[in-house]
Amino acid sequence: MPHPNAPARTTRNRLGVFLALALTLVGLLALPTAAHAADDDPYRISGNVQLEGEPLEGVELTVDGPGGEQTVETDADGQWAVGVPERNADYTVTLNEDTLPEGIAVIDETGEDTSPNVREVTVGPGGRVTTNFFIGEGERNTTGFVDQLVERLVNGVNFGLMLALAAIGLSLVYGTTGISNFAHGEMVTFGALIALLFAVGLSLPLLVAVPLAVIVSGAFGYAMDAGLWRPLRRRGLGVVQLMIVSIGLSLALRYIFQMFVGGGTLQLPNPLSGVIPLPGSIVLTWMDLVSMLISVVVIIIFALWLTRSRIGRATRAVSDNPSLAAASGIDVDGIVRIVWILAAALAGLSGVLWAYFRPGIKWDMGTSILLLLFAAVVLGGLGTALGALVGSLIVGILVETTSLFGVPDDLKYVGALVVLILILLFRPQGILGRKERVG
Amino acid sequence: MDFGQILNNTLSQILSPTTFGFALAAIGLSIHFGFAGLLNMGVAGFMAVGAYGFAISILTFGLPWWLAALVGFVLAAVFALILGIPTLRLRGDYLAIVTIAAAEVVRLLFLSTAYKDVTGSADGLFGFQAEFRAANPLPQGTYGFGPWTYTSDQWWVIIIGVALTAVAVLFTWSLMRSPWGRVIKGIREDEDAVRSLGKNVFSFKMQALVIGGVIIAAGGIVTAMGTNVNPNVYVTSQTFFIWTALLLGGAATIFGPVLGAVLFWVVRAFLSNLLPALVDAGLLPFLSREQAQQSVFVLIGVALMLLIIFRPQGILGNKKELSFVR
């Protein structure tokens, strides 16, 4: 974030970079929904891969459905199993034929199925299902590495933009108030839950429900500031105390959400689930495209507001040095209120988009990305809005692409967190941060 | 509603392995946060390193149980070093973010199916206590009275838990009245002042991080001795619960962590037994049994907020000892 006293040229240059970056992202648009395996998956899909009775080891299978996409390999007995978070739900099991020995493929017994390596399975009330693949000589269905890479990159950008919406708010709150807000994840969940309430509970059309959810999220941000954070500022609580308050708030909110919606995954209506026709084996739904467009447009508008409008400039001034800003006549309390409203609204929007990306809404969905948000914010530089965007994109792409390079799917968040620790070793102020913030 | 049963369950919680685990972890955290002012948000990670180090040493490497516990301590010390090197020169909230991230990395590594042979993945590890139980000097049987009736195996864990907790309390007490403890508290109050006296602040902080980390790992090991090791225990919520226990008792006190851990578990056990019973009795018509269970966690969160706002020094603490309350 430029210093308020810095020459205007710097501001314009930064804005240029910001816009160029955002526009490049629009150009990058293309692809599908891989998502996120939940932490603790009680139910199980398993099976056998055999060639004429002999087990095949090291065959890769992908399971996609509620809770996200996961990849497993068969063990020495040709067996595989994955944990899934939902029962009474449908999953798609895909056997990656590239990992089979030469010259063989999954055979289709009926002769009607054009892609016998892809199976639909249903996890019933028992919570367990078994599906076996029959292997023989035949023609393969494959996805090339380049197609996969493109797919993952686009997914990563999509996920990164979503993270950015929430991370920008987290970063601004930190910059203006000094709070490391551990309840930010709950603000993400809140947006998704309110969208669910309007779209499913009250059956409003999505075009009404989603903007309403964003507005209600903003109101929630205002309520939190008015009801909790401002009184605490008046009391003069230290930043460590405020951080622990946010931890308590996060716990309380999370379990209140669970009391309302239970432990399962709920879905928003999706009128745009159709696939955009694209060359190769690249799959992109219209919802992915719309989601990315929304993120980019909102981020551009927000960047313009932050750099061009009076209040936006005042916000950056407060973020830089609250006492100096107050001394030059800026209403710090008013700015902080606006920051809370905007941060909550952006987090709420991010929650709605993430509900489509995962896909599904769960009581702890926000908590599960909280650390990625912190990673993004620290990576970009604590307290800088542009840094949060850059950090989010890096984290998003990292999370989505690491599995292409041999990292198991259930460790895909680990890469981002390790990068967070490493960046603090070598550049603690983050990519765009300034050194004096490090303290 | 069976009040006898509710009371029984509540009181028996006082001597459970998880309570000792919490007490030890809170003592370690009091050295980190209460005395040295280090914001360690990765308590669950230290506990997991201790517990898994203990269990894996026995199951995979066949070490005797006491040597396995030592391995757990050493691993926790190494973990503290790895976390401390990049962060201890930076401002406090960086340590908070890095420790919480590192704890998640540790948990995800233990949860991953990639290392299922060693870590047991989501099933966790079990069946490693046989040799530890064989070392039990108590004859087989059931001892005790009232709510505190346990088998000899359980008493063995309780004895080790009490002994370790007592040693940790004594150790912390003697450490904090030594010159070393005064330097540590000085760092908490004013780092620059201590540095101007020629003390190596980084090195003192690192020593505090390692010592506290090893005590936290002892908490993980005691829990593992009494129950199984499961990755779903070592989530970030666990860290927050231990913080709640510590702040309840008093962060910069010797007995506060133990008192806080016992109170935390007694109240939690009481509410988790009482609220569902009230639902069954029709006294909470707007809640289901599950919702009543979840509301306990809501109350813990609210209690944490109220504590840190209105009584940050905890039950036993002295407000002058709290440099984080400016």
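Every residue, even glycine, has its Cβ placed from backbone N, Cα and C.
Computed from a predicted structure; not experimentally measured.
Taken from TrEMBL, the feature transmembrane segment covers B:12-31 (among others).
Positions annotated as transmembrane segment by TrEMBL: B:38-59 (among others).
Among the features that TrEMBL reports, transmembrane segment is placed at B:65-85 (among others).
Cβ atoms under 8 Å from those of the transmembrane segment (B:94-115) belong to residues 38-46, 48-49, 52, 79, 82-83, 86-88, 121-122, 231-232, 234-236, 239 of the same chain, restricted to positions at least 6 beyond its ends. Annotation source TrEMBL lists transmembrane segment at B:94-115 (among others).
For B:155-176 (among others), the entry in TrEMBL reads transmembrane segment. Listed by sequence, the residues of this chain that lie at least six past the ends of the transmembrane segment (B:155-176) yet keep a Cβ under 8 A from its Cβ atoms are 15, 17, 20-21, 23-24, 27-28, 30-31, 35, 132-133, 135-138, 143-144, 184-185, 211, 215, 218, 222, 225-226, 254-255, 258.
Annotation source TrEMBL lists transmembrane segment at B:208-228 (among others).
Taken from TrEMBL, the feature transmembrane segment covers B:240-263 (among others).
The transmembrane segment annotation in TrEMBL covers B:294-310 (among others).
Here the transmembrane segment (B:208-228) lies next to the transmembrane segment (B:38-59) in space: the count of CB pairs under 8 Å, restricted to residues six or more apart, reaches at least 3.
Long-range Cβ contacts of the transmembrane segment (B:38-59) within its own chain (Cβ-Cβ under 8 Å, at least 6 residues beyond either end) map to 21, 25, 28-29, 32, 65, 67-69, 71-76, 79-80, 83, 88, 92-93, 95-107, 110, 118-119, 125, 127-128, 131, 205, 208-209, 212-213, 216-221, 223-225, 229, 231, 233-236, 238-239, 242-243.
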